[in-house]
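Trainee: My questions will all concern the structure given below.
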Amino acid sequence: MGCSADGYPAPGLVWTKDGAPLMPDARTAIGLVRIRIERVQLSDQGRYRCTVSNQVATLEAEALLTVIPNVRPTPTPPRPAAVVPQSSPSQSTNRRAPFFIRTPESIEVLTGNSVELLCSADGDPTPTIVWRKDGQNMRQLAHVTPMGNGSLIFRQVQLSDEGTYECTALNEMGVVVARARMRVRERRSVSNRVVLSAVEEARRAVDRAVNETIAALFNRDRSSRLTHSELIRLNRFPTATARELARAAEVYERALAVVRRHIESGHQFNVTREFSYEDALSPQQLDLIANASGCLTHRRTPDCNDMCFHSKYRTFDGTCNNFQQPLWGSSLTGFRRLLKPIYENGFNLPVGWSRSTNYKGFTKPSARLVSTRIITTTQITSDEIYTHMLMQWGQFLDHDLDLAVPGMASESFGEFVDCRTSCDYSAPCFPIEVPPNDPRIRHHRCMEFVRNSAVCGSGATSVLLNTMLPREQINQLTSYIDASQVYGSTDREARELREVHGNNGHLRRGLLTETGGPLLPFATPNTPVDCKRDRAESEIGCFLAGDVRANEQTGLLVMHTLWFREHNRVADELRVVNPHWDGDMLYHESRKIIGAIMQHITYEHWLPLIIGHEGMISMGHYKGYNPQVDATISNVFATAALRMGHGLIQPVLQRLNASFLPIPQGHLLLQDAFFAPWRLVEQGGVDPILRGLFASPAKVRLSDQLLNANLTESLFRPAHLISQDLAALNIQRGRDHALPGYNDWRRYCKLPEAETFDDLQSEIQSQVLRDKLQQLYGHPSNVDIWVGGMAEDPVEGAKVGPTFRCLLVEQFRRLRDGDRFWYENPGVFKPEQLTQIKQSTLARVICDSSDDILEVTKNVFKMPNLQSPSFVTCNEIPKVDLRFWAECCHECSNAGQFNSITRRTRRSLDHSYPEDKPSYGEASVLSITSSTSDSFYNNSIPGDEEPVSSRKRVDSQVFRQQVQQSEQQDERIEGLEAMMAKMQRTLKKMARKLKYVESVCLDKPMKKKHETKHSQTNCVDSDGVTWKNGESWDKDNCTECNCLGGFIRCTTLQCPVCENPRQVEGECCPLCDVE
């Protein structure tokens, strides 16, 4: 029976039965708001009264309990409050007295904190949990909440809460009691002076570590070779905005550590238990640290009010894609979590930080040991079905989706530990241990590894949000498939990549290849990237692209080059179709088309080969944009699942000529392709690599051939220096990001949880591999998710096992359904434009934007020998017809101006388009012209059509005749406009000459008087010729000049733009022939 009340002050509650106080016993439990009677007997029958009272009032409520014997049921008495059956003695068999599963522990807490007293018990019947304080039934208090699991939660602890608490578990078989003492002390915060001093010390420590790292990277001896870590850090060094965001989090976290050190040194608090910053710092002091560190500065809210732009185009940083949640999917925000992260201390230290900590009874193995025992292979089996382009598109796509902001410093912030030389765990250093008897590394105990930066408001910095949140990493890129690897993920990056001259919407170009194809621009001295790992090889530096990793390997650089060219090609074609568009309009429309083509290639041509037919069925068909779907990249997707592509990488990049034979320089070993952009300039350009990618096989991922040894033993290997291990990096990064273990993800994907490694034989058939996993990890739950996913056998028709397939499907569905600019979302493109985009293929892009490739395979992801014919000419590959992007405007003078997307201005006489034709005739013709304004290519838009009942029906033959007549009339008008423009120029010239003649004639009687004046107002042109006042002359066919009052004024004729110009000798403007 329940009884609850509210009031101020908080009321107390007393139960009575038949006028006498109700006392707890073996069957009766009295809680804060209810009583529970187990195994009801006849003696329990009676009138129960609940009395609540405080200083203001007293209230009562009653219930009548009638007990009906089981052996002789009787009708229910009128209006009972509660009727329950009496228990039968026979039911007492196999009963158990209560026993505790968890008992409360004595605790010391500061006022204002929250605390939970734990208590849980089991028995048969299920025992009731009753709490008492200092031997008395607990009163109902607003800040104390009993939980269903038996625990007691205190929010904002008060001094009056101190006392001894009894947890009583009881059922009809017995009673057990556990006691705990809660001591409450008043908070004694540190002074603001100490807080400000801690912030200043933290700022100095972080800036020192960052500055020393920058000096080591950028002020080094340029003649010396770069180590692997230096190459990685140079080419992934955070942008200025990312550095500020990461620095703020580091300063905040370091300041809290300084405060803790101050407290512990002064013994101000009992720190034997888990330390809590809220114990020492008031909310105002936490805000003070947040402001001083810069954390609050970056909690921005984007402005999405410019609907003219946001309804048509993406932002560069991904904000305002979702109007309800404008930061979803934007750059420089945290990754999304599918499962709670697993940190060693619960919120920021990675698993394995303490080498003695056991998980399921076993310690975590070294990431390097797992790599050498399970991952690496020198034996390679080539794929008989899929090409190396399958791998390369996956890497190129990944660099559009995610890039965790790396740590800014390679030195610790407090202990002056150098991550490059020390094997100590000291943030941000988290080195990879090298096991004894390592097959390659003999004289070093560890490999360098620096943790990625954290988001302000996570980890230790989460106290600024008044709650303890686990550490979250930052995605530097936009989450959407928006070609950010081509255009950048911030406004600043986009501006650096734009062509500032020409007003043509182009991206910047660099050197030209021998065939005339442009390369990407070189990185400027102001950019941190540096590719000169060995100056004996070449002095050519890095290229600049939308993603900082463009130069990491030559195949990836070729893809960046291909797509920057494709953008410029699309912009050029749009300029022909819409000559009135300005550079910004050309740029944004081209960017929109490029992003759509990438989406189509990914989901229609690439993804089905990765997740298989069943995976595509699981993802489902596109049903339209859903603003409730968060497209933000998940941490496990970026850190584990999409890294499945590492298993497809061959140790050699083939380079083929036009006959599909090796070029004179030969194929390129993968270890020689890392950070070697000079090979693109000096060894054949982009075509040989492209042919090698779509004409040579990918690597097959087998249970004993997971990653080729070039990636684990020769990664970025300069001479005499330690090369890195990609597999070990992946494993350690998963621990840095606190990814849960393999079993947790199996459970998430609705796969059976494995208790032994033999339970995995359905997904990992190799007994040898399962035995190795058991030797290293001990239990399936300990297996790192990337290792477990890579170890699974691919499902039928896919390149991944069931766990990775589940995680890939989850993310790719979100990227599609949660993107307002998804290319299939109605309204993003016109139906006829969408039809064209759906014809796009990567083969067509290669044809259009390579150096001189004339033959390709229709499907560049499948081996040529499986296609018939194996190769086709580029003329046989369907092409996107950009004429469907023609803007059919009536007033084109400003219609193509980017800053006036929604404005309609006066009609321009400079250009005439098919949809500018006037309407003649009766109302029926007007109706036709109106309803077919978007049908220049005989494709109507279903969504724009009016109901049939509201329009006049016109015979199709009449309609065609009217359209033909209208087009003929339009041609005549264009001819008349050109003739009138020429007559206007002639008349103006004749009028100027007539005025000059008149002025000369009028001045004749006064010739002598004005001779001096004329000599003073003559003009001298750039050729040194003297012209009299009022005299005019033709500087060239298009420019006429006049001398007026000693000043030369010239007028240049602006010619109209036409598709078929014909130049006539002596005329300024060409004639526009109509085909």
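Placement of Cβ uses the backbone N, Cα and C atoms for every residue, glycine included.
So TrEMBL lists the following for this protein:
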BINDING   His646  heme b binding site
COILED    966-993  coiled coil
COMPBIAS  86-95  compositional bias 'Polar residues'
DOMAIN    1-66  domain 'Ig-like'
DOMAIN    98-191  domain 'Ig-like'
DOMAIN    1017-1073  domain 'VWFC'
REGION    72-95  region 'Disordered'
REGION    936-956  region 'Disordered'
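I'm curious about the neighbourhood of these features; can you describe it?
Mentor: Proximity of His646 (heme b binding site) to non-local residues of its own chain (separation of 6 or more, Cβ distance below 8 Å) is seen for Leu707, Leu711, Leu726, Ala727, Asn730, given in sequence order. DSSP classifies His646 (heme b binding site) as helix under the three-state reduction.
Mapped onto DSSP helix, strand and coil, the domain 'Ig-like' (98-191) counts 3 helix, 52 strand, 39 coil.
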Trainee: Any contact between the domain 'Ig-like' (98-191) and the domain 'VWFC' (1017-1073), i.e. 3 or more CB pairs below 8 Å with pairs at least 6 residues apart?
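Mentor: These two segments do not touch.
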Trainee: Which residue counts does DSSP give the domain 'Ig-like' (1-66) for helix, strand and coil?
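Mentor: Residue counts in helix, strand and coil order: 3 helix, 33 strand, 30 coil.
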Trainee: Do you know the DSSP helix, strand and coil residue counts for the domain 'VWFC' (1017-1073)?
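Mentor: So the domain 'VWFC' (1017-1073) is made up of 0 helix, 25 strand, 32 coil.
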